[in-house]
Amino acid sequence: MSGKTRTIEVDTLARVEGEGALTLRIHGERLLSAEFRIYEPPRFFEAFLRGRDFREAPDVTARICGICPIAYMLGASQAMEMACGVHVDGTLRELRRLIYCGEWIESHVLHMFLLHLPDFLGVPDAVALAATHGELVKAALRVKKLGNEIMRVVGGREIHPVNLRVGGFYRAPGRTALRALLPEIDWSLGAMRDALDRLAGLDFPDFNTDYEFVSLRHADEYPITEGRLLSSKGVDLPVAGGYDELLTETHVRHSTALQSRRSDSGTPVHFGPLARVNLNRDRLPGELAELAERVGLGEMCGNPFKAILARGIEVLYALQEAARLIEHYREPEAAALDVTPRAGTGYGATEAPRGICYHRYTIDAAGLIEDAKIVAPTSVNQRQIEADLFHFAEVRLDQDDDTLRHGCEQLIRNYDPCISCSTHFLDLRRVRL
Amino acid sequence: MSKKHLDAPRKPRLAVFKFASCDGCQLSLLDCEDELLAVADAVDIAYFPEATSTMQPGPYELVLVEGSITTPHDRQRIQQIRRQARVLVTIGACATSGGIQALRNFRDVAEFARIVYARPEYIDTLATSTAIAAHVRVDYELRGCPIDKQQLLGTLAALLHGRRPPLPRYSVCEECKRLGHVCVMVAHGTPCLGPVTQAGCGALCPGCSRGCYGCFGPKEEPNTAALSAQLATLGVDAAARTRLYHTFNAGADAFRKAGEA
């Protein structure tokens, strides 16, 4: 077959959030290129944030993504608080961590069982999966519902919650309403343990890469709402200043999302649950660290197909953490701290379900936004996904088109790409309005 | 709007299409955890890329459309989709008013894209973000940023039973009163778009002691002039009033005009 050129394309990637496509170009026995194309139309968030009040940023940026609004609301809030010299701590910080647990649970369970597991079992969707694995799908939907319920009780609404603000919350949730979630959390812990045991037995493709994993790293917590930037290749930087130093965004023709790479070496980095588990194993409760080991997430696991297991560990962690936070919860005296604007720049970075979500804002003395930079995890992973596609496909060119196409689609879904998020980011540092 | 419903002899075929959006409204369908399998039983999910890799060609009895029209390609795509759809329902603020990305409508986007992108020639975008109804006939509209999932389920159920979906046209104020919330504007002087915003969310924001931010868009014949006067007496200056109206439904006529007044 040498000399023959074939192109393998997927025009609409299924079971991902947003619109993306895949193209492999093959000549003879050589892979010429692997492109992960993002064609979601740009929405210019960072542009229209200019001139808006700093207090509007959480609600506005939530609309970047319906699947992980908390990552935006919280990153924006933290950045604004930093710019204004306010630090939110104590119960309000714990409530933020609690609602973030809810987001991890609903987003991870959605991806694991409704979007990703069908790949491993060779079915088109969760509805087909329900025909053969009815109890598993029903259990997953119940755990997912609990995640959304945490979002609703703390945030007032599952998608685009209304109760979060710069400085804290509009109204602190009642202790009784939160404690009412405990029995369902307990049930979910059991259900997810069983489910994870079954997932550990899946057939994972043999594909390992020496990634540079990057995640947040906190002094004593598993990273969700804050931390330093840590990489598996020795980076250890504060988010403020460090993020912009570490990663640079570039604009390529086949994507409406800017791609990120390391500023110094030009190499891609890997964000997300696998990075977090690999870099923060010692921040997991001992029993979950052991479970991670037992299900197949050995030290520095470089098999992206096993991200489904890392998500499972993180769902268990988020459930335990939610229970702990609820048990300790006492209604705060004030639902929010006062935040008075002052001219300055603030930074915020949290661990969205798909990896670090970065915010940087500059505001004027009246609190109007002068400049905004927001980087979604999928836009960072984009380059890593393309590198993976190339390495995965180049040794599988003997496969027929359908098999290879399916393998590549699954590879992309390992990252739970949130394409809607990733395309709304423009590097406005170059803008002079 | 027409009084169309689904009286197909076989399972109606459902398709979900996405334009410029955050995916939150179609996610609302997947967030119906208790009803999802029942919905999948009642309809044939023929095209819903976010949920399934099965992609069947049209025509479809019921089409849900999320997102706004922002590119030349999408402007054509919605025409093709309309031809494939017996009943077309738009879901969410992007589809019903252009969404938050309609804030571009108030700026010179052509110039803007040239400045913003390192390689503007890669970008193909329209100057405006517009509602689906500005391009094709729409049978029913579900408002909200995001939509309310009970409203979505109620609409699906009504259409499946040949009834007209029960969608309110009154204001958030009425929901607030019914729920017994204290009026945040009267009691606390908090600016609130409730009097001019269509009901459907369950008065969530006043329920959290904050003002409504209008994510369900304008109600029928809203008195924005009266509200703007009230906001002014509360100390909300003209620029802040514009921002209030021009957020998630800036492209909806009544809010666009109120923000420009």
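Numbering starts at 1 and runs along the chain as it is shown here.
Using the three backbone atoms N, Cα and C, a Cβ is placed for every residue, glycine included.
Straight from TrEMBL, the features:
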BINDING   A:GLU46, A:ILE374, A:HIS424  Mg(2+) binding site
BINDING   A:CYS65, A:CYS68, A:CYS418  Ni(2+) binding site
BINDING   A:CYS68, A:CYS421  Fe cation binding site
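In three-state terms derived from DSSP, A:CYS68 (Ni(2+) binding site) belongs to neither a helical nor a strand segment and is classed as coil. Here the binding-site residues are A:CYS65, A:CYS68, A:ILE374, and the ones sitting under 8 angstroms from chain B, going by CB atoms, are A:CYS65.
If you measure from the Cα atom of A:CYS65 (Ni(2+) binding site) to that of A:ILE374 (Mg(2+) binding site), you get 12 Å. All chains included, 24 other C-beta atoms sit within 10 angstroms of the C-beta of A:GLU46 (Mg(2+) binding site). A:CYS68 (Ni(2+) binding site) and A:GLU46 (Mg(2+) binding site) have their C-alpha atoms 18 Å apart, to the nearest angstrom.
Around A:CYS418 (Ni(2+) binding site), the same-chain residues at least 6 positions away in sequence with a Cβ under 8 Å from its Cβ are A:VAL16, A:GLU17, A:GLY18, A:CYS65, A:ILE67, A:CYS68, A:ARG354, A:ALA376, A:PRO377, A:THR378.
The Cβ of A:ILE374 (Mg(2+) binding site) has 26 neighbouring Cβ atoms from other residues within 10 Å, across all protein chains displayed. Shown are the binding-site residues A:CYS65, A:CYS68; the one with the most C-beta atoms within 10 angstroms of its own C-beta is A:CYS65. In three-state terms derived from DSSP, A:CYS418 (Ni(2+) binding site) belongs to an extended strand segment.
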